[in-house]
Each structure stands twice: as structure tokens, then as C-alpha cells.
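Visitor: This is the structure I want to talk about, given as C-alpha cells.
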Amino acid sequence: MTNAPQPEYKGPKRVFSGMQPTNGLHLGNYLGALQKFVRLQDQYECIYCVVDLHAITTGPDPENLASRCREVAAAYVAAGVDPKRSTIFVQSAVREHTELAWIFNCVARMGWVERMTQFKDKAGKDAQRSSVGLFDYPVLQAADILLYKATHVPVGEDQKQHLELSRDIAQKFNNDHDAPNFFPLPEPLIQGPGARIMSLRDGTKKMSKSDPSDMTRINLTDDADAIMSKIKKATTDPLPVPESKEGLADRAEVENLVGIFAAVTERSVDDVLGEFGGKGFGVFKPALAETLAAKLSPIAAEMRRLTADTATLDAILKEGADKARAVATPIMAEVRDVVGLWRA
Ligand code: AQP
């Protein structure tokens, strides 16, 4: 990959991120990304997308796709993304995403994309039967970000490698076209206690929308009873909660639950272990479930209210798409010029 030094990018600081409207959002999506979306609004111009073009890489779902898009948009707003301050829109409403993705297909190298571990995980054993779109997913992701010349991208840890690819594509584009500062090299914003939330049943697998078992995740729309039942059935071991971080070694599921408690209450892991160390999971799990329910139930209620009011949501998404297009269109025109494409 290219490593030539990049001069300091002088353009505006701008945040971009997105989520797929595949299944309902879960606690990992919330702690890894959505909570950051909300906080970043105080510091940056923020653009948040519902990435429906990414969702179709794993199969068609024409009957449900629009309602799933609304559900993700409702989650953004319910969690605290303010549509007056930030731009919220659906990816396919801004056609320049696919146009830039094609140009980036001609920049990215096969070897770079072949190294992406998410494709290997999602394609499983039968990569030959996966869509080309699933393979190309991270190139479209680079286009999503760079279409807005975004400088910062809040994501969970699973997206780190894709963000590195976006930076490589930006740098190669700049080098190839002798345009040293054209695209910024986007910075991933990953750090924080919720960056990698694991399955409730297997502490070595990330919590995921596409896991066939609903018991592996806490959905943002789960009610208090569902949360209590899932947390009580979450895998642990017969030992009590440890008194220090060293005691979390080789106890991936316990580390995950303690990490979730710390992330949700915005406390340190040491602090949580200070309170619960030495106590059994019969004490810790109900406390965690109640904390989660208190955090998520107002979000779930607001999501229900918003998804029932499709007119308001659609108006937010239309206004968002207009705002996104106003940023993207001149950048795309510049890209076309830099590449030397035909001026229609
Ligand atoms: N387990 C997780 N812990 C922390 N962050 C996570 N994210 C996803 N899972 C975790 C972050 O959520 C954002 C949106 O993810 P996405 O919709 O693009 O889908 P994904 O990354 O492929 O993750 P999912 O939710 O598990 O979906 P499926 O099952 O469809 O793959 C991203 O910022 C991601 O890092």
C-alpha cells in the first residue's frame, strides 16, 4: 500500500458514519457507534447515513428495506442525533455514492481488498457464491466517507481495517492524480469502552445483527423483561466477579459483561469491579439488566413513536438527502474533473 507523506489537510473537519438497515440495531451498534454519533455533534459538522446499498450486498429484501431504513433513522434520532444540527439520510438517495465507488474500484488494488477479514467472515466457506458487492463493500464505504471529504469516522473496532483501506484509497487517488491534498485521510474514532461488544453467548464473537440467535444480543427495542432474560442466560462461569482486571483474563464472557456495565454507566472497569468484585453473578446480572433497561427503554419508546410517524421521519430523511447532496455534488464534480471524465 502507499505510504507517501500527506501534507496537512486544510479542508473543514467533518464527521461521516453509517449503519446498515439489515436487522434491528443492537447494543454493540449503540455503544460502538451511535453513542459517539450523538457526542460528536457538539464538536463537528456531522453526516449520518443509513447505508441501504450496503444492506443489499447480502441479499435482496425489497418489501422490508424502506421500513428498515426508517427504523435505523428512528434509532439515530431517538438516541439523540439532532436532525437540525446533523444530516441524516439514506445512502441510495444520493447517487454520487455509487459513482464515486466505481472510480474508487479503479483506484483500490485487488490485493488490498482481498485482505479484508470482514469479507472472509461474512462470506464464510463459500466465498465463490458471495456477491461481488459483498467483496466490494469496503470500496463503497470509502466512497461514502470521501464523497463528503469527511475527516473523522466514528465506528466500532470491527471497522478498523476498512477505515485503513479508505485511507489507502484516498492517498493513492491523491498521488495518482498529483492532487496532494484532494481527499483527507479519514481518521477512525474507535477508542472507548464500547468499541467491541461481544456476543452474550460466546465472548470470542462480536455481538452481531446477523447472528441467527436473538439471545446473543440486546436489541435497542428489547423490553426490560427480554433484557433481564437475555442477561440472566448470558454465558458466565461458576466463579464470582473478579476484584481486579487481572481476574478477567481467560474469562471473555465475564470481561464482556463487565465492559458493557462500564460503558453504559460511563464508569471505569476498575470502578465496576470495585463495586461487584467478589459478588456472584446472581447479584451482578440483575444489576446490569436493570441498568441496561433504564438506558435503552427511553430510546425504544422514542423509536416506536417515530416509526409510527412515517411522514415526519420521511421529511427528516428528505431534508437530510438534500443537505447531503448539496455537499456531495460539487465534490463529485471536482472528482470528475481531476479524473478527466467527459464533461456532459
Ligand atoms: N459488536 C459490536 N461492538 C461495537 N461496535 C459494533 N458495531 C457493530 N457491531 C459492533 C458498529 O456498529 C456500526 C454499524 O454497523 P453496521 O450496521 O455497518 O454493521 P456491521 O459492522 O456489519 O455490524 P453488525 O451490527 O454486527 O451487522 P451484521 O451482523 O449485519 O454484520 C459500525 O460502526 C460497527 O463498527
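Any Cβ shown, glycine's included, is placed from N, Cα and C.
Automatic prediction, not curation, is the source of TrEMBL annotations.
Pulled from TrEMBL, these are the listed features:
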type    : residues                                                                                                  : note
BINDING : GLN20, PRO21, THR22, GLY28, ASN29, GLY156, GLU157, ASP158, ILE197, LYS206, MET207, SER208, LYS209, SER210 : ATP binding site
BINDING : ASP144                                                                                                    : L-tryptophan binding site
MOTIF   : 21-29                                                                                                     : motif ''HIGH' region'
MOTIF   : 206-210                                                                                                   : motif ''KMSKS' region'
Visitor: Taking a cut-off of under 6 Å between Cβ and any atom of ligand 1, tell me which of the binding-site residues ASP144, MET207, LYS209 pass.
Guide: MET207, LYS209
Visitor: Output the one of ASP144, GLU157 that, of all these binding-site residues, has the highest number of other Cβ atoms within 10 Å of its Cβ.
Guide: ASP144
Visitor: Need one number for the ATP-binding residues GLN20, PRO21, THR22, GLY28, ASN29, GLY156, GLU157, ASP158, ILE197, LYS206, MET207, SER208, LYS209, SER210: the maximum pairwise CA distance in Å, whole number please.
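Guide: Answer in Å: the longest Cα-Cα distance is 19.
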Visitor: In the three-state scheme derived from DSSP, which category covers GLU157 (ATP binding site)?
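Guide: In the DSSP reduction, GLU157 (ATP binding site) maps to helix.
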Visitor: What's the number of neighbouring CB atoms sitting within 10 A of the CB on MET207 (ATP binding site)?
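Guide: The answer is 24 other Cβ atoms.
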Visitor: Sorry to bug you, but what's the C-alpha spacing from ASP144 (L-tryptophan binding site) to ILE197 (ATP binding site), rounded to the closest Å?
Guide: 25
Visitor: Can you check which residues sit near THR22 (ATP binding site), meaning Cβ under 8 Å from its Cβ, same chain, 6 or more apart in sequence, and list them in order?
Guide: ALA55, THR58, ARG68, LYS209, SER210
Visitor: List the helix, strand and coil residue totals of the motif ''KMSKS' region' (206-210) as derived from DSSP.
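Guide: Within the motif ''KMSKS' region' (206-210) the tally stands at 0 helix, 1 strand, 4 coil.
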Visitor: Count the Cβ atoms, other than its own, that fall within 10 Å of the Cβ of GLN20 (ATP binding site), considering every protein chain shown.
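Guide: Result for GLN20 (ATP binding site): 23 neighbouring Cβ atoms inside 10 Å.
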Visitor: Say we define neighbours as other CB atoms within 10 Å of the CB. Which of the binding-site residues ASN29, ILE197, LYS209 has the fewest?
Guide: LYS209
Visitor: Give me the CA-CA distance between GLN20 (ATP binding site) and the residue listed as 'L-tryptophan binding site', in Å, as a whole number.
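Guide: Cα to Cα, GLN20 (ATP binding site) and the residue listed as 'L-tryptophan binding site' are separated by 13 Å.
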Visitor: Fill in the CA-CA distance, ASN29 (ATP binding site) to the residue listed as 'L-tryptophan binding site', as an integer in Å.
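Guide: One finds 18 Å between the Cα atoms of these residues.
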